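Data block below; observations after.
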Amino acid sequence: MKVYAVLGDPIEHSLSPVMHNAAFQAMGLQASYHAFRVKIPRLRDAILGADAMGFGGLNLTIPLKESAISVVEPDETAEAIGAANTVSFQRGIRGHNTDGIGASLALRHYGVNVRGADVLLIGAGGAARAIAYQLSKDGAEIVVTNRTPERGLALASDLGLEFRPFGEIDDLVRVSDVVINATSVGMRDGDPRLFDGSILKAEQVVFDIIYSRETELLRDARRAGAKAIDGVMMLVYQGAAAFRIWTGLDEPVDVMEAAVRAALGRLNL
């Protein structure tokens, strides 16, 4: 039996085990998927240990994605992004990044074509970098903003994008076709709003990559009549891409989505 896992800190919230175990079962694979809490200083030990023990593959989540680049041999996408969320062991210890394609496919799933669209990307972490990289390839006109300007500037500089200070966020939202929250703001009760939701318009798309709950940002978007997209399908599509990397098989997307939505339904009862 092949063993797979997601590593992160915190990790208790992850729905990756539910999603991937459903996929393995649906495809008749002798495999199991687990979640392990790993801190950044032990990431190298964890990845090398997984390789030594014959793991089939790993996913990486907050805060490990950027640190992993120094441990793995990154593929072209992971190297360009500067972060890896997937590790394979078939041909050495390879790092991949499926977050960007996950976000791109999630937007397409809901009928959103970003080619030529003005996209405001809020955030500068590993997920934000992946989204910026992929949507730029998809033809979007991206402006990056972030509460910590140094990180936002670094992302924009690395990928050849425009950065604007977070203090301008209301004006940036007003002129954007698509607004993407790639931060953790909204994941917890009491989180402050990123901006005044009343400025949103019906013709806009609001994509919040948080999948564990309906955020205030998405509620504001729905009140405005805008298209509101949560992070569920990004989670599913990035997981599906990882599944294909590990197994070489067509991913059972419908099964993975159903498993995630069922788990979320239980969590939010």
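Cβ coordinates come from backbone N, Cα and C, glycine included.
In the three-state DSSP scheme, Thr61 (shikimate binding site) is classed as coil. Per Swiss-Prot, the feature shikimate binding site maps to Ser14, Leu15, Ser16, Thr61, Asn85, Asp99, Tyr211.
Annotation for Lys65 (active site, proton acceptor): same-chain Cβ neighbours under 8 Å, separated by at least 6 residues, are Ala83, Ala84, Asn85, Asn97, Asp99, Gly125, Gly126, Ala127. Feature annotation from Swiss-Prot assigns active site, proton acceptor to Lys65.
Cβ neighbour count for Asn146 (NADP(+) binding site): 25 (other Cβ atoms within 10 Å of its Cβ, all protein chains included). Per Swiss-Prot, the feature NADP(+) binding site maps to Glu76, Gly123, Ala124, Gly125, Gly126, Ala127, Asn146, Arg147, Thr148, Pro149, Glu150, Arg151, Ile209, Gly231; the stated evidence is sequence analysis.
Listed in sequence order, the residues Val6, Gly8, Asn59, Leu235, Gln238, Gly239 complete the 8 Å Cβ shell around the shikimate site centroid, once Ser14, Leu15, Ser16, Thr61, Asn85, Asp99, Tyr211 themselves are left out. DSSP gives Thr148 (NADP(+) binding site) a coil state; it is part of no helix or strand. Rounded to the nearest whole angstrom, the C-alpha distance between Tyr211 (shikimate binding site) and Thr148 (NADP(+) binding site) is 23.
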